[in-house]
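Report on the structure given below.
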Amino acid sequence: MTTIGTPLRPNATKVMMLGSGELGKEVVIELQRLGVEVIAVDRYENAPAQQVAHRAYTISMLDGAALRALAEKEKPDFIVPEVEAIATATLVELEQEGYNVVPTAKATQLTMNREGIRRLAAEELGLKTSPYRFVDNLEDFKQAVAEIGIPCVVKPIMSSSGHGQSVIKSEDQIQQAWDYSQEGGRAGGGRVIVEGFIKFDYEITQLTVRHVNGTSFLAPIGHRQEDGDYRESWQPQAMSDLALKRAQETAERITTALGGRGIFGVELFVCGDEIIFNEVSPRPHDTGMVTMASQELSQFALHARAILGLPISEIYQISPAASKAIVVEGKSNNMTFGNLDKVLEEIGTNIRLFGKGEVNGHRRLGVILARDENTEKALAKAERAYAKLAVQL
């Protein structure tokens, strides 16, 4: 029998979130709806999830000693990583000592860098991927580009939201791509992956939730990216029965290998009926924000249930829906979001503003959500709402 205590009391069920971005914020809210006490941790103060948690701490999560000290102080029932830049060796130690790391310390360690998960997928599980090379210096990088061929994709082995990622389309871009990769890694410069460019029909996120009753699949999510970062997503993505079956099989194989309970964002390329594995995140996925409009239980609510060992009997889709990221460019720590009466005037339209305190360059500050009778109309509705938004820096 699963039980939950009372927040801020000795019997509280406690979750410590490592990373407090907009995805973590929604997980915190869902956990609190279930009576869980939440501690939010990030490298900067007043991160989105910290704003809604019971307590917040600001540390470098790459500092294993600081991470251990915090775990020993709070003694959480669950440690839930939300970002890649974490001292995963410390998480492995804590798990061995009896702490419950979600989904597992192994999953967090393997997926924190692209090398671990690519070698698991391609070399151990035999999943189809793009051709790839891992390199540590400019000389080997140039050789890898020559072997893989142009065009090719370059990514730091540890980064997110497109940071440090680029596509080499001509030889004169090789040096620039290397330099950019060294600036964009979560842990600084260093090792990168060079991948062959896949000519796919479309790409999907196959959200997969491992829970006390087994493994369940959400309807596939289509999405569009710019510079490696999500801009729009929609659910469901139309695909053939065979392609969907293969996508779910691929997702089940990789998530089973990672183990544990929780939601996984499995990124796949689709070429006709063929499925090519790209990446997996052992946590909610940015493209999955659309589920806040499309499903009875969003990816965040499903993650919370899975973490706590609560049953997930059915994943019910309310409506086709779409999301559009609110990406702002500039420099400010005092943003204003205006014209909201116009943004929300159409039925089935909603907005989430993340509460981020500043922007310096490009930053995702919110998301538009829209429902309609099909995904094309939902996306058009989201785009109309987005066009009406006035952001003042």
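Numbers run from 1 along the shown chain.
A Cβ is built for glycine as well, from the same backbone N, Cα and C atoms used for every other residue.
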**Residue from GLU82, GLU84, GLU226 that Swiss-Prot also lists as binding N(1)-(5-phospho-beta-D-ribosyl)glycinamide with GLU22, LEU23, ASP286, LYS356, ARG363, ARG364** = GLU82
**Message:** Which one is it, among the binding-site residues GLU195, GLU203, GLU279, that lies nearest to LEU23 (N(1)-(5-phospho-beta-D-ribosyl)glycinamide binding site) by Cα separation?
**Reply:** GLU279
**Request:** Using ARG364 (N(1)-(5-phospho-beta-D-ribosyl)glycinamide binding site) as the reference point, find which of the binding-site residues ARG114, GLY164, GLU195, GLU267, GLU279 has the shortest Cα-to-Cα distance to it.
**Result:** GLY164
**Message:** Please report the distance from the Cα of GLU203 (ATP binding site) to the Cα of GLU267 (Mg(2+) binding site), rounded to the nearest angstrom.
**Reply:** 7
**Prompt:** Looking at the binding-site residues GLU203, ASP286, which sits with the largest number of other Cβ atoms within 10 Å of its Cβ?
**Reply:** ASP286
**Message:** Cα-Cα, whole number of Å: ARG114 (ATP binding site) versus ASP286 (N(1)-(5-phospho-beta-D-ribosyl)glycinamide binding site)?
**Reply:** 18
**Complete:** Neighbour count check, CB within 10 A, over binding-site residues GLU22, GLU82, GLU279; minimum at GLU279
